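Structure, as structure tokens:
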Amino acid sequence: MTAPLPQGAVIGILGGGQLGRMLSVAASRLGYVTHIYEPGAAPAAQVAQACTTAGYDDTAALDAFARSVDVITYEFENVPAAALDLLEQARPIRPGVRALAVSQDRLDEKTFLEGLGLRCAPFRAVDDLASLRAALDVIGMPGILKTRRLGYDGKGQVRIDDAADAEAAWAAMEGQDAILEGFVDFAREVSVIAARGLDGQVVCYDPGENVHRGGILRTTTVPATLSTAQRTDAALLAGRILNALDYVGVLGVELFVTSDGLIVNEIAPRVHNSGHWTQAGCAVDQFEQHIRAVAGLPLGDGGRYADVVMENLIGDDMNRLPDLLAAPATQVHLYGKAEVRPGRKMGHVNRIRRG
């Protein structure tokens, strides 16, 4: 069995946004230091011991980064494969590169999930206008046309309600390979955050109920409106995904709740926005859990000890900051971003709900 990282070991984090920032804080609590690798502005650098500012095509910088750390993890899933190949030769990457390969391509992800016997929305690969029209004939409308790669927070996708919209929808893909997904009639959206350790131990957090507006997560409420059987199903399917990927770290699984059961929308091989509630509701939050996993430590208690509503602070929501800071039973987490822009996640609040 691999020995846990010793105190003072360096954890390298690919990506310097808010998730890397909160991972760095969690690592510090456990006696580790972090080194951020980020091509652009890095809010995480404000709390990390070191930061390398360089592109993912800079092989010299990648090599120096790898040699300066003991293990590598990441805060986002779109790390270029060539960079991962180089880094993996020098240091262990946790979660492993297979999880990234699966999640970087929506078609590969859906195929992987169906191969595990999990239910997804109907889907077809689309690589030109003719294949889009053929896919619409099979799947029907409404449908969602998405780029296979690089979409997030509602970007890179178009809803198609009528066959006449096909040409404009395909044009919006700008020549990128795409996937058409059938529309799912769901009662609510939930997500389950789960972790798997180096020893194969799995810990699942209570599912959260999510509300999106404009493709961006606005709130997560815990507990979600689910039956006991649905909670069990969510935990079991998350565990199945973790084990199939031989995963190490925290994973987010987004689900649609339908009258027919749970349908997997997508997976995220990292700590997840909808898991921020764990900072107020759990003894061990998702960020510490991820650090424990990648460091080879035992996983912690994932039980929920409070009801929580997490709300993202997006753009001009920052104008509400004085009131939020004065609110009772409320945690405020700010990400240290210099510029407020529409649609930009600037922070979040966790409201502990009293009985």
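Including glycine, each Cβ sits where the backbone N, Cα and C put it.
According to TrEMBL, the protein has these features:
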type	residues	note
BINDING	Arg106, Lys146, 151-157, 181-184, Glu189, His212, 265-266	ATP binding site
DOMAIN	110-295	domain 'ATP-grasp'
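In the three-state DSSP reading, Val184 (ATP binding site) counts as coil. Under a cutoff of 8 A between CB atoms, and with a sequence separation of 6+ in the same chain, the neighbours of Asn265 (ATP binding site) are Cys120, Ala121, Val184, Glu189, Glu254, Leu255, Phe256. Predicted-model confidence for the domain 'ATP-grasp' (110-295) is 95, expressed as mean pLDDT.
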